[in-house]
Protein chains: 2
Amino acid sequence: MFDFKVLSRSTNTAGRVGRLSTPHGILSTPQFMPVGTLGTVKGITATQLKDTNAQMILANTFHLHLQPGEAIIKESGGLHSFMSWDQPILTDSGGYQVFSLGKLNKIDDFGVSFKSPRDGSHIELTPEKAIQIQMDLGADVVMAFDQCPPYPASKVEVEEACKRTHLWLERCVATHSKEDQALFGIVQGGCFLDLREESARRVASFHLPGIAIGGVSVGEPSDQIHKIVRHVAPLLPNEVPRYLMGIGTIREMAVAVANGVDFFDCVLPTRLGRHGTALVRDERWNLRNACFRNDYQPLDTTCVCETCTNYNRAYLHHLIRNDELLGLTLLSLHNLSHLIRFSRAMAVAIEDDCFSEDFAPWQKSSIAHYTW
Amino acid sequence: MFDFKVLSRSTNTAGRVGRLSTPHGILSTPQFMPVGTLGTVKGITATQLKDTNAQMILANTFHLHLQPGEAIIKESGGLHSFMSWDQPILTDSGGYQVFSLGKLNKIDDFGVSFKSPRDGSHIELTPEKAIQIQMDLGADVVMAFDQCPPYPASKVEVEEACKRTHLWLERCVATHSKEDQALFGIVQGGCFLDLREESARRVASFHLPGIAIGGVSVGEPSDQIHKIVRHVAPLLPNEVPRYLMGIGTIREMAVAVANGVDFFDCVLPTRLGRHGTALVRDERWNLRNACFRNDYQPLDTTCVCETCTNYNRAYLHHLIRNDELLGLTLLSLHNLSHLIRFSRAMAVAIEDDCFSEDFAPWQKSSIAHYTW
């Protein structure tokens, strides 16, 4: 039911083109996953989301457990049916959110108890419960419950989080029993490369159908992200998909793909869209800026998304200036399309062996310009 | 370029099915027009709007004059191009908004001066200027600049507003010079039937390609609306389309159509949608209500709109409860589809001569049930 094939490899990088088969269809890698925290990619219908060429999307177990609760979603026929998305879905485990959003009461090897940021109620999450919730939600890919240390954190703290993450992974594996769902493990270790190595070795030893690099993009500078990715990705099993969590910027995606990472998720394209910012090439444009007031070109003249095909910059400026809902939707649609387009350009460049870490296909001087 | 044909008539009411041809296509009447105040039907793309079966939409001259200004829209290729809507558009004249939203400084026979509700700047509108702005915006149908008295108002006040409206209409007609654009006159007169009669006679005497009943739905009870419509609609010229401004409730639309009105506009379906309310049959459902929490039926089981085809009530409840943008979009889409569907059901019932003022085709006992 799950199958990952590497279809093509780059010779001068570790970049690869792959295909992950899931019960709800294909994930072509390299790929970017839009984030639908509460079972909705904010402001975007399922039909529009398909038009961005999105394949797999991510939803958050932590948020969905708090509202509407996994019982409602299970009764509704599972998350695919609930949110009307018939393509692959991945749920994270809630680990990251427990530590970033919850008011922690207690954490020990058994699990975590915290106050709901929603209504202050007492909530307990354990590896067993996180997996049970994810089985109820019914995504195609589910993530192990991990402890994600903040940045910065001392080596002792990170080491403890790693040990707990590995202990919990064993219990996640023991609990998970849904055949049409793949459980991925998560490598932690913060910015400490020896801890990352040990974590990669331990997580790989479970021989799961996929593996993720977690605990990045938690506040560390981007050269740290690059250092971690360059060090960890080559240590991961070759035959399964590799997922770098929480990354969604052009440069970090290219570096990660060049080091053998297969897919990504990030709230950035939709969050930026809701704040009036558009992704164009590797730039961020604030559409509130007066320079767009009478600019009648498409947002990105090279993009074929719904936004760029139908509307001009002056109109988007007008919508954003007037806090019109449509502006947020149109910019989010473009930003998602942009990162997915970049993913597909990387795939073509890998197939044609003109991919590199500094991949920037919009540049006319790039040998990979034709992929854009 | 403009042509209105009555295709079918009801025998027991004054209801009629018609077709207005415009430079951007057909308006099949009876019909409901979505409102896109600032050149956007809030939260809805042009593609989604077409899926509601919308034909002609309304945009507001007052708002578009304040932002982004007609110069930007004209330079962008006109309103159709600016907002990417290639079907018919009607712009109102700004008269209603000047009196309801502006801080009036002065009103006399020359025109109106007021403070912009946006930035406090001094703005002057005259019949000539309102028409010039609308010619720049480039809609298919434009409305005469009128004085819309509030409710309640004394007979002397309403009479003065009528006289001014007729005086201004003459200047609107003299100013309007765009051949691919039709100018409609507006009948005023408040709740005073003799003033309404006089206004209908005066406006009709201009032999314009369309005529509207204005100054309703300004706060008066619905039996007053019915009284005005029943009295005025039969006095209007037979050979041109008749537009009842600001109406968008099932009952008022049916009464108006039964008295020979052809089309409508109203912000209600989108405004209600943004507040979490759905139109189902002739009811309003608040999707926040806990009864929808685990209701897995489509919103309206008889509706084929994008919302009802793809999502269930529990999901919509979840979105609305969590203030998710998508909830507002999905409810607005359904509400628009609902009123347009009701319009088309009225058309079928008129063609088959089973239409009546109390038309309620969702009732199984209705002889027109098949039209739903």
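From the backbone N, Cα and C atoms, a Cβ is placed for every residue, glycine too.
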Looking at Swiss-Prot, which one out of B:GLN67, B:GLN181, B:GLN188 binds substrate in the same site as B:ASP92, B:SER93, B:GLY94, B:GLY95, B:TYR96, B:ASP146, B:GLY215?
B:GLN188
Starting from the Zn(2+) binding annotation in Swiss-Prot that includes B:CYS303, B:CYS305, B:CYS308, which of B:HIS275, B:HIS334, B:HIS369 is the extra site residue?
B:HIS334
Look up region 'RNA binding' in Swiss-Prot and report which of B:197-203, B:246-252, B:281-287 it refers to.
B:246-252
Other residues with Cβ within 8 Å of the Cβ centroid of B:CYS303, B:CYS305, B:CYS308, B:HIS334 at the Zn(2+) site?
B:PRO298, B:LEU299, B:ASP300, B:VAL304, B:GLU306, B:THR307, B:THR309, B:LEU333, B:SER337, B:HIS338
Closest to B:GLN188 (substrate binding site): which of the recorded positions B:ASP92, B:ASP265, B:CYS303, B:CYS305, B:HIS334, going by Cα position?
B:ASP92
In all the protein chains shown, the tally of other Cβ atoms within 10 Å of the Cβ of B:ASP92 (active site, proton acceptor) is 31
What same-chain residues, at least 6 away in sequence, bring their CB to under 8 Å of the CB of B:SER93 (substrate binding site)?
B:THR61, B:ALA130, B:ILE131, B:GLN134, B:VAL142, B:MET143, B:ALA144, B:PHE145, B:ASP146, B:CYS172, B:ILE186
Compare all C-alpha positions of B:ASP92, B:SER93, B:GLY94, B:GLY95, B:TYR96, B:ASP146, B:GLN188, B:GLY215, the record's substrate binders, and send over the largest distance in angstrom.
15
By DSSP, what is the split of the region 'RNA binding' (B:270-274) into helix, strand and coil residues?
5 helix, 0 strand, 0 coil
DSSP-assigned states of the region 'RNA binding' (B:246-252) in counts, ordered helix, strand, coil:
3 helix, 0 strand, 4 coil
